[in-house]
Amino acid sequence: MKLSMPRFDQAPVLVVGDVMLDRYWHGGTSRISPEAPVPVVKVEQIEDRPGGAANVALNIAALGAPASLVGVTGDDEAAESLANSLRGAGVRALFQRIAHQPTIVKLRVMSRHQQLLRIDFEEPFATDALALNGQVDELLEGVKVLVLSDYGKGALKNHQELIQAAKAKGIPVLADPKGKDFSIYRGASLITPNLSEFEAIVGGCADEHDLVTKGAALMADLDLGALLVTRGEHGMTLLRPGHPAMHLPARAREVFDVTGAGDTVISTLAASIAAGEELPHAVALANLAAGIVVGKLGTAAISAPELRRAIQRSEGSERGVLTIEQLLLAIDDARAHNESIVFTNGCFDILHAGHVTYLEQARAQGDRLIVAVNDDASVSRLKGPGRPINSVDRRMAVLAGLGAVDWVISFPEATPENLLAQVKPDVLVKGGDYSVDQVVGADIVSAYGGKVKVLGLVENSSTTAIVEKIRNNE
């Protein structure tokens, strides 16, 4: 399945549900309390983040999609903090504030990136807390997807009113369910329970076949358009009536914190579907997004550039022949992992042992090696008639197959100054008997603090000599 980045800027999404504030007290612990056998935390930083349905809306906005949010809060400091955070992120938030009830707050006490304690401040909302008062049609105006973010806190009581109103307008409804009664989501386009939530409804699943069978029965019973079961380290399973089950493996490189991963899944699904992606593609994108967010601390969102880089990796463009756009993203990703970038360039018309040795030496100067290749017209201008022997596509394909080479890109000019100005490598490498100040582009690289290195060439290895031997039938 080939993935591409959706046009999220044209994908308005409405989120309705339980909003809350995730508050973090970060501090250090160096002693045990004399009052009880518990650690003493000296609080050094207090951090507020949108949680629950607010985190879903935040994730949608972080991808670049227009996001609106409807929910219930108290009339207090926590509600103001939520409103300010969401406003700053570009989320249009409509809160029904109830004076006599507190905004739901999840307070986590953290030390050295470890959660020591969670304290919940919440009271169940009244049955009529989220009174839409006939505003449903107005709220759905211009929306391409509706998300019901249900945390079972009482704000979301009118599931069917919302589902039926959206269906009447042809708007897909995605629900992140809670509780032991999934009938309240009847008719939804897609629900996204995790495995424990799913098994609480259908019973334990002995294996994948059992999960698929029970999932199909649940879809039929509730008239669901689709069912996505998130399964932690086992990935996700998408079920659709009349289609085979689609199992996706987990994509996380490192799991640091699973807080809010479900929010990231449904937000990426919603934004992708709103942008016109088919459901299997949207699920694959959501799976990539989940793999990113579990590597972050606490409730977090992923950005469009992060998702774009994950798509690149999934499509195998982490190495090989790249466009300039792909290369710049790959470089950003490498630098985020503290990897240094090495750059070299040449015609590489007939690849020989000297080239291979030189490229291995160049790669040893850093973590990632870019090889920039003169295109065919450029080689012809430099080398004369009859050159190149091999087209630029063939030359780049051979270079990309070498273990020392990470990325290959072509350029049309005689020299790579324009490319160097965009790439800004940490090290510029050239082979030959030049002095450093004679290397083309050395001034560009040196100006921003990069290094320039000249490597010796392997003796008796020359493309020109090989071409002459061939022409002379030697």
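Placement of Cβ uses the backbone N, Cα and C atoms for every residue, glycine included.
Here Swiss-Prot flags 1-317 as region 'Ribokinase'.
Residues near Glu197 (ATP binding site) in space but far in sequence (CB under 8 A, at least 6 apart, same chain), listed by position: Pro177, Lys178. The ATP binding site feature in Swiss-Prot is assigned to Asn194, Leu195, Ser196, Glu197; the stated evidence is sequence analysis.
Sequence annotations record features per position, and here Swiss-Prot assigns active site to Asp263.
Marked as region 'Cytidylyltransferase' by Swiss-Prot: 343-474.
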Taking the Cα atoms as reference points, how far is Ser196 (ATP binding site) from Asp263 (active site) in Å? 16
What same-chain residues, at least 6 away in sequence, bring their CB to under 8 Å of the CB of Asn194 (ATP binding site)? Val229, Thr230, Arg231, Gly232, Gly262
Among all the protein chains here, how many other CB atoms are within 10 A of the CB of Leu195 (ATP binding site)? 17
Rounded to the nearest angstrom, how far is the Cα of Asp263 (active site) from the Cα of Leu195 (ATP binding site)? 15
Return one of helix, strand or coil for Asp263 (active site), based on DSSP. helix
Residues flanking the ATP site, with Cβ no more than 8 Å from the Cβ centroid of Asn194, Leu195, Ser196, Glu197 and excluding those residues themselves: Pro193, Phe198, Glu199, Ala200, Val229, Thr230, Arg231
For the recorded positions Ser196, Asp263, which one has its C-beta crowded by the most other C-beta atoms within 10 angstroms? Asp263
